[in-house]
Amino acid sequence: MNTEATQEKSNVNSTGERLRTAREQMGLTQQNVAERLCLKLSTIRDIEEDNSPASLASTFLRGYIRSYARLVHVPEEELLPMMAKQAPVRDAKVEMMQSYSLGKQRKKRDGWLMIFTWLVLFVVLGLTGAWWWQNHKAAQDDLVSMGDQNASVEEDGRQSIALSDDNANGGAQTAIPLDNKPATANNAPSSVTATSDNGTPAATAQSSQVTASNAAPAANAVNDNTPPVAVAPSQAATNSSAAAPLPTGSAAVSRPAADANAMMMTFSRDCWLDVTDATGKKLFSGIQRSGGKLSLAGKAPYHLKIGAPAAVQIEYQGKPVDLGRFIRTNQVARLTVGAP
């Protein structure tokens with residue numbers, strides 16, 4: 001008898017039983033309570049059956065019980081001792097936050113990304129520097145080759161001038177002795193006689209023979225006392241050309257027609273220049289002085305190398321050639337003129 005009373009008392013002292021009894025007295029169903037408290041029907045059943053779901057924190061469970069008690073008009077002080085048994089306060093498991101590890105992984109990943117970015121940047125800078133150095137070295141090599149070619153051209157010019165001076169001095173020292181024999185004077189009239197074609201020139205030739213025979217002793221006397229006269233080769237060539245008869249024909253002097261591929265260059269300053277035509281023939285290579293003009297004609301297109309593009313004005317077929325891009329960069333101009 002005492003056992004049944006104790007069991008009944010324990011049932012009454014149960015939180016879920018007390019709330020269910022109060023609900024039934026008010027004529028409410030579990031569905032009505034769940035709708036009014038905005039809870040799940042399974043949560044109301046767990047409260048009335050004194051179950052403590054593991055997925056539900058004890059703090060929330062105690063709050064649901066208090067809301068249920070207020071709904072069915074059960075004092076909270078009556079339920080507090082029973083709630084301590086049914087829903088004891090449990091220490092919540094605090095899981096280790098992974099923010100530190102995630103931040104560490106993110107930092108590591110960002111570190112690799114920064115290393116890769118810097119590596120790409122260094123590669124780009126290295127390639128840019130190598131490209132600039134190659135262009136600078138090529139320009140320096142061109143300048144050195146221009147200087148060597150200029151030196152060789154000047155050396156060739158000095159050698160040619162020295163050679164021409166030697167030839168002039170050697171020619172001035174050669175002497176041509178005059179023939180002292182009277183045969184020279186006697187032979188002169190015969191050459192004049194050979195040029196006559198009719199009777200009148202023949203008579204003139206005979207008179208010249210008489211004059212020559214009379215003048216022969218005097219000429220011989222003069223020749224005996226006259227020393228040899230030195231005659232330069234240039235003077236001999238001048239005399240021979242002066243003695244040669246000039247043509248007096250009425251034929252007009254022919255002039256070459258203007259070349260359609262002619263190229264004219266005007267120089268405002270000293271400039272090194274190298275020009276070849278389509279056949280590979282070198283039309284010019286050397287230095288042009290300030291104020292000079294150069295006209296070239298060959299087979300187009302022409303391949304030009306200009307040391308100072310700002311010092312040259314080029315006209316091809318009467319049209320100016322644009323050198324602006326080379327002047328702006330201040331580099332040696334390499335261009336092709338007259339390409340189809």
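Count begins at 1; order follows the chain as displayed.
Just so it is clear, glycine is given a Cβ too, placed from its N, Cα and C backbone atoms.
What Swiss-Prot says about this protein:
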- 1-111: topological domain 'Cytoplasmic' (TOPO_DOM)
- 19-79: domain 'HTH cro/C1-type' (DOMAIN)
- 30-49: DNA-binding region (DNA_BIND)
- 112-132: transmembrane segment (TRANSMEM)
- 133-340: topological domain 'Periplasmic' (TOPO_DOM)
- 162-252: region 'Disordered' (REGION)
- 183-201: compositional bias 'Polar residues' (COMPBIAS)
- 202-233: compositional bias 'Low complexity' (COMPBIAS)
Helix, strand and coil counts within the domain 'HTH cro/C1-type' (19-79) (DSSP): 41 helix, 0 strand, 20 coil
Predicted model, mean pLDDT over the topological domain 'Cytoplasmic' (1-111): 76
